[in-house]
Amino acid sequence: MKLAPTVKLNNGYEMPILGLGTYNSKDNEGEAAVKHAIDVGYRHIDTAYFYQNEAEVGKAIRDKIAEGVVKREDIFLVTKLWNIFHDPERVEGICRKQLSNFGLDYIDLYLMHMPVGYKYVDDNTLLPKNEDDVLQLSDVDYLDTYKAMEKLVKLGLVRSIGVSNFNSEQLARVLANCEIKPVTNQVECSPALNQKALTAFCKKNDVTLTGYTPLGKPKPDIQKPDFIYSPEVAVIAKKYGKTTPQIVLRYLVGLGVIPIPKSSNTNRISENFDIFDFELTAEEMAVLDGYHTGERVVPLNLIKGLNHKYYPFSIEF
Ligand SMILES: NC(=O)c1ccc[n+]([C@@H]2O[C@H](COP(=O)([O-])OP(=O)(O)OC[C@H]3O[C@@H](n4cnc5c(N)ncnc54)[C@H](OP(=O)(O)O)[C@@H]3O)[C@@H](O)[C@H]2O)c1
């Protein structure tokens, strides 16, 4: 079976350069998606405490190990520390709970989901709100949270740590103060938000950039985003016998980004993985560059208007 190429991380571990996103893949659907993905060659699976599907993802992985399809070390499992657990005192406990959700004894990559913490009420109140329905944030410094995540590496609970939704200044602050470097910054990245500046910054610091929402969450009813429904991209797709989502994913890989498209449809899971037998020309890459608008599908609207000092998207990158 053909697997995705891997990239060597700054700590020596290898990470497959294409992963399966699992947001909204829950219950049987989530389990089936991960199983099918492993069957067709995915080895990198992205989930999060917030997605409430760690048990299903873990079961799928454990079943595939039991079937002899993969060994644990073949899988690169990524999950995230949710925002309500930023208090350093909570980090180890919730990480252990996540391991028990998976039924596994280590996580490959543990990301801080966002630089902004939320108020802790209990483990299940993921979006704590006040009587006026306003999200309650916390002022924990993400550096303190990060230092607690470093301990998880030392304890052997996680192999690598990283961040998500961090801007370049926040990432620089982590890099300047950490003992264990983050291996990736997971941020939104698609032709509409190609993250060239942040990717260059990450590269200079030996940090990879993982691209979420790489397909811009296609909406066939309104034919958005443009890059998926573009006749121009369709011409390129036709040349290679591919689909426009495949061209988009190949473009992102060409930019040095690690895309994690989500699908729970078996055909589309297979389709999104089938991008390693062709390459785009410089001219074709330039066509895709033309769709950059800088607009986000995921601007973190819940916290955007709350003036938190760590809201990440107020600077250029
Ligand atoms: N760190 C963060 O804050 C953060 C934020 C957002 C997302 N993420 C991660 O990134 C992953 C991907 O992002 P996303 O789920 O927001 O968006 P996405 O991957 O751009 O789009 C997912 C949507 O596209 C559809 N789709 C998938 N492949 C397709 C194809 N080949 N043709 C047409 N439609 C296709 C899926 O439907 P079907 O399932 O029906 O195929 C789903 O509705 C998430 O699942 C999650 O793991 C992380």
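In case you wondered, yes, glycine gets a Cβ from its N, Cα and C as well.
Automatic, uncurated: that is what TrEMBL annotation is.
Here's what TrEMBL has on this protein:
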- 19-289: domain 'NADP-dependent oxidoreductase' (DOMAIN)
- Y51: active site, proton donor (ACT_SITE)
- K80: site 'Lowers pKa of active site Tyr' (SITE)
- H113: substrate binding site (BINDING)
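Ranking the recorded positions K80, H113 by how many Cβ atoms sit within 10 Å of each one's Cβ puts K80 at the top. Counting only the Cα atoms, the space from the residue listed as 'substrate binding site' to K80 (site 'Lowers pKa of active site Tyr') is about 5 angstrom. If you draw a 10 Å sphere around the CB of Y51 (active site, proton donor), it holds 21 other CB atoms from the protein chains shown.
This prediction places the mean pLDDT of the domain 'NADP-dependent oxidoreductase' (19-289) at 98. Following the DSSP three-state reduction, the secondary structure of the residue listed as 'active site, proton donor' is helix.
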